[in-house]
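Engineer: One structure, as C-alpha cells, below. Some questions next.
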Amino acid sequence: MASLLKSLALFKKNKDKPPLAAGSGGAIRGIKHVIIVPIPGDSSITTRSRLLDCLVKMVGDPDISGPKLTGALISILSLFVESPGQLIQRITDDPDISIKLVEVIQSDKTQSGLTFASRGASMDDEADRYFTYDEPNGGEERQSYWFENREIQDIEVQDPEGFNMILATILAQIWILLAKAVTTPDTAADSELRRWVKYTQQRRVIGEFRLDKGWLDTVRNRIAEDLSLRRFMVALILDIKRTPGNKPRIAEMICDIDTYIVEAGLASFILTIKFGIETMYPALGLHEFAGELSTIESLMNLYQQMGELAPYMVILENSIQNKFSAGAYPLLWSYAMGVGVELESSMGGLNFGRSYFDPAYFRLGQEMVRRSAGKVSSNLASELGITEEEAKLVSEIAAYTGDDRNSRTSGPKQTQVSFLRTDQGGEIQHNASKKDEARVLQVRKETWASSRSDRYKEDTDNEAVSPSVKTLIDVDTTPEADTDPLGNKKSAEALLKLQAMASILEDPTLGNDSPRTYNDKDLLS
C-alpha cells in the first residue's frame with residue numbers, strides 16, 4: 001500500500017508537469033506580419049510631444065488598421081524611456097510579428113510636423129500618408145475619439161515635466177485596460193473608473209486629460225484581440241520589475257497598476273487556496289477532499305515551475321491555464337467559496353452559477369466558519385506562545401464581536417446563501433418544525449395564563465380592550481430592577497420580542513403559511 005501511495009504521488013506530479021524543451025528542432029515560427037513602430041530620432045522633447053500627439057489621434061481614427069494600431073500603441077507604451085528603440089528590440093521576441101522601427105524627426109514641410117529620418121531621400125510624403133488620413137468625400141464629418149474635453153485639440157508641449165505628466169496620464173489609462181481586457185471586457189468600465197479616480201487623487205495623472213470612451217473602447221478591443229500587443233506589455237512589466245535601484249515615476253506607476261493585472265483569470269485557483277486551505281479548518285480532513293488536495297498541491301508546484309510568467313498565463317493565452325480551472329477541484333472550490341462568503345463581504349456578489357458548483361459543500365464551508373467563530377487554533381497558539389487564559393479571552397472577545405457584526409450585517413450575503421439546502425436536511429427541518437410547534441403551544445399557554453391573571457388585577461375600564469393588547473407589556477412604564485444600563489437595554493429588547501411574539505400568536509393566519517421554495521438555478525444566476 002505504501003508503494004501505491006508513493007506511485008500515486010509521483011503520477012500526480014508528472015501528470016501536471018509542463019513539457020520540457022527537447023529534440024533537434026528549433027522554435028516553431030508562424031507567418032509573420034510587419035508592424036511599423038515610429039520612435040523619436042532625437043532627444044528633443046518637442047519631437048516626442050509632437051509624436052505622442054500624432055499617435056493619440058491615429059488611435060482615435062475609426063478606420064485605422066489593426067497592425068497600424070498595434071504599432072502606434074507599442075510606440076506610445078515605450079515613449080517614457082530614454083531609448084525606446086533599444087527597449088523594443090531587447091524585450092520583443094514574438095513568433096507572430098516582425099517589428100520595423102522607423103525614426104521620426106521634426107519637419108516644417110509636412111502636415112504633421114514630423115517626417116521619417118533618412119540619409120538621402122525625402123520621406124515627407126510617406127510620413128504624411130502614415131500620420132494623416134484623407135477626409136471623407138461628400139462633406140461628411142469624420143468621428144474621431146480623443147479626449148472627453150473637446151477643447152483639447154493637441155497635446156504638444158515644450159517642457160519635460162509637462163510632457164511626462166501628459167504621457168503618464170495617457171499610459172495609465174492604457175495600462176488599466178489590460179487588467180480586464182481579456183477576462184471581463186464587458187464589465188470593466190466600473191473598475192477602470194475606480195483606478196482612474198485613485199490615480200487622479202494621488203496626483204499621478206491629470207484629470208482634464210481623460211480620454212474619450214470611444215478611444216478607450218478601441219484600445220481595449222485591440223488589447224483583447226491582439227496577443228502580440230499583450231506579450232509586449234507583459235514583457236515590459238517584467239523588464240521594469242527586474243530594473244535595480246530607483247525607477248522613473250512612470251515605471252513605478254506601471255508596477256502599481258500591475259497589482260491589478262497579475263493573476264487575472266486565476267481567481268478560482270487563488271481564492272481556493274486562500275479560503276479553502278490557508279484557513280486550515282478541520283473540514284480539510286474529509287476523505288472527499290483527499291484527491292482534490294493533491295491536485296491543488298500539484299498545481300501549486302506547477303505554478304512555481306512556470307516562474308515569473310505564471311501570473312500572466314491567462315493574459316498570454318497559455319494553454320496550461322485550463323489545468324487551473326475550478327472544474328479540476330469542484331468540491332474544494334465550492335467549500336472555499338462558502339468559507340469566503342462568510343469571511344469577506346466582498347465575496348457576496350460572486351457568481352456561483354457553474355455546472356460543477358456543489359451547494360452541499362458550499363454550505364459546509366459556511367457552517368465551518370459559523371461554528372468555528374471565536375475558536376483559537378491550538379497549533380497556531382502554541383507557535384505564537386499564547387496561553388490558555390489568553391486563548392479563552394480571545395475566544396470571548398471574538399464571539400462578542402462576531403455577534404455584533406451579525407446584528408449589523410444585512411442583505412446580499414445571507415440572501416444568496418440561505419437557499420442552499422440538500423435532500424438530507426429534510427428530516428432535520430421536520431424535527432425543527434415539531435420543535436417550533438411545541439414552542440408555539442407553550443407560549444400560547446403562558447400568554448393565556450398571563451392574560452387571565454391580568455383580568456383579576458386590572459381595574460374596571462369602560463373602553464374595550466382586545467386580548468392581544470392585554471398581554472403586551474409597556475416597556476416605558478416597567479419599573480427598573482437594577483441600575484445596570486446594559487442589562488436594562490437587554491431587558492427592554494427581550495420585552496419587545498415578547499410583545500411581537502404575542503401579536504403573532506393572536507394572528508388567526510398563524511400556521512397557514514406554506515414554506516417558501518427556492519430555485520437554486522435561478523438564485524445562482
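Yeah, the Cβs are placed from backbone N, Cα and C, and that goes for glycine too.
Since the structure is predicted, the reported quantities are computational estimates derived from the model, not experimental observations.
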Engineer: Please state which member of LYS180, LYS241, LYS323, LYS375 Swiss-Prot lists alongside ARG195, GLN202, TYR260, ASN351 for binding RNA.
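Structural biologist: Checking LYS180, LYS241, LYS323, LYS375 against Swiss-Prot: the RNA site match is LYS180.
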Engineer: Using DSSP, break the region 'Homomultimerization' (373-391) down into helix, strand and coil residues and give each count.
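Structural biologist: Going through the region 'Homomultimerization' (373-391) residue by residue, I get 11 helix, 0 strand, 8 coil.
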Engineer: Measure from the Cβ of LYS180 (RNA binding site) and count the other Cβ atoms within 10 Å, all protein chains considered.
Structural biologist: 23
Engineer: If you average pLDDT over the region 'Ntail' (404-525), what do you get?
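Structural biologist: Averaged over the region 'Ntail' (404-525), the predicted model reaches a pLDDT of 48.
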Engineer: What is the number of other Cβ atoms found within 10 Å of the Cβ of GLN202 (RNA binding site)?
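Structural biologist: The answer is 10.
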